[in-house]
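Enquirer: Please see the structure below; I have some questions.
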Amino acid sequence: MKQAVIVDCIRTPMGRSKAGVFRNVRAETLSAELMKGLLLRNPQLDPNTIEDVIWGCVQQTLEQGFNIARNASLLAGIPKTAGAVTVNRLCGSSMEAIHQAARAIMTGMGDTFIIGGVEHMGHVPMNHGVDFHPGLANNVAKASGMMGLTAEMLGKLHGITREQQDAFAVRSHQRAHAATVEGRFAKEIYGIEGHDANGALIKVLHDEVIRPETSMESLAALRPVFDPANGTVTAGTSSALSDGASAMLVMEESKARALGLPIRARIRSMAVAGCDAAIMGYGPVPATQKALARAGITVNDLDVIELNEAFAAQSLPCVKDLGLLDVVDEKINLNGGAIALGHPLGCSGARISTTLINLMEHKDATLGLATMCIGLGQGIATVFERV
């Protein structure tokens, strides 16, 4: 079976969704700039050999509709002979794009893919046009479509306190800020034009969403936002609303080597799994267990882990049940996570994978895991290996 590898991976800075730096930049533009960036950074690659562009996006309407993968690839000037498809596994969409490209390579259905994802949550909100079938209530709890309430449920089931959530959120902002100041995001961020508060055109080079001033005291002052009477989940312990895109060049290993392109990581194993929609945030646990089994390793073999921080109340139960509580500060989300950087839905899977690969290089690590929960009760996971 052929081997799929990551040759390159980049992302936009994460822009604040409310009046942020990308308020006048469309989702197709964010996507196209990254596609062009991958080609500029890897001139040995002939664009005419691209098999397919696979792009994750959740809200496929308005500027993100009518197959944004194709719209963005045409905008980027990718040869018209390349295919393009937009995929939707909700929060796991761009990780699903990684998996689809890897499976195609493994089965000989192409050797060069551009994958990634985007979500402009300022232009197309998460709940835009959502209309759940009334009959779903026969099979799942009514609140299962309300992500914040599923986090409340999962946190209660696992005894996660308000203070634990606040501490996890503070850690996310502190680590993301430190990564910015120390230049650890520089290799993964691809600068994109945006606009400052006065409307002037600027080159955006840093994430806009991080709040380095976040403290236990400031978070303690916030009221629960999803269950005001009895809840513990606040806006401060939830993933920030942000706009962004991420992209990867995924190739068959021998083809990449023949072109003299770098092999930044191999895709060692992949998995998806389902769980109860009422505790959708638990999905990373069964997905990770599957991926580890397929890789023939245990959780203790992992050097670095990126767990998407949809909510602190969701992340902590996953950390606990994966047996990782004692190694959080050594292995998990070392550059912060979505609480600080935001969770542009279709972007996040490739974004956390990009951050993971850069962290693995920084730490000279061998094995890494990227995993995330998915609305309505799923999880997705990928094990990467540096060679």
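Placement of Cβ uses the backbone N, Cα and C atoms for every residue, glycine included.
According to Swiss-Prot, the record shows the following:
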ACT_SITE  Cys91  active site, acyl-thioester intermediate
ACT_SITE  His343  active site, proton acceptor
ACT_SITE  Cys373  active site, proton acceptor
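Please go over these features one by one and say how buried each is and what sits next to it.
Expert: Neighbours of Cys91 (active site, acyl-thioester intermediate), defined as other CB atoms within 10 A of its CB across all chains, total 34.
The Cβ of His343 (active site, proton acceptor) has Cys91, Ser239, Ala240, Ser242, Asn308, Glu309, Ala310 as same-chain neighbours under 8 Å, each 6 or more residues away in sequence.
Reduced to three states, the DSSP call for Cys373 (active site, proton acceptor) is strand. Spatially close to Cys373 (active site, proton acceptor) yet at least six residues away along the chain are Cys91, Met280, Gly281, Tyr282, Gly283, Pro284, Asn308, Ala310, Gln314, Cys318, Gly379, judged by Cβ distances under 8 angstroms.
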Enquirer: Per DSSP, His343 (active site, proton acceptor) is which: helix, strand or coil?
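Expert: SS state of His343 (active site, proton acceptor) = coil.
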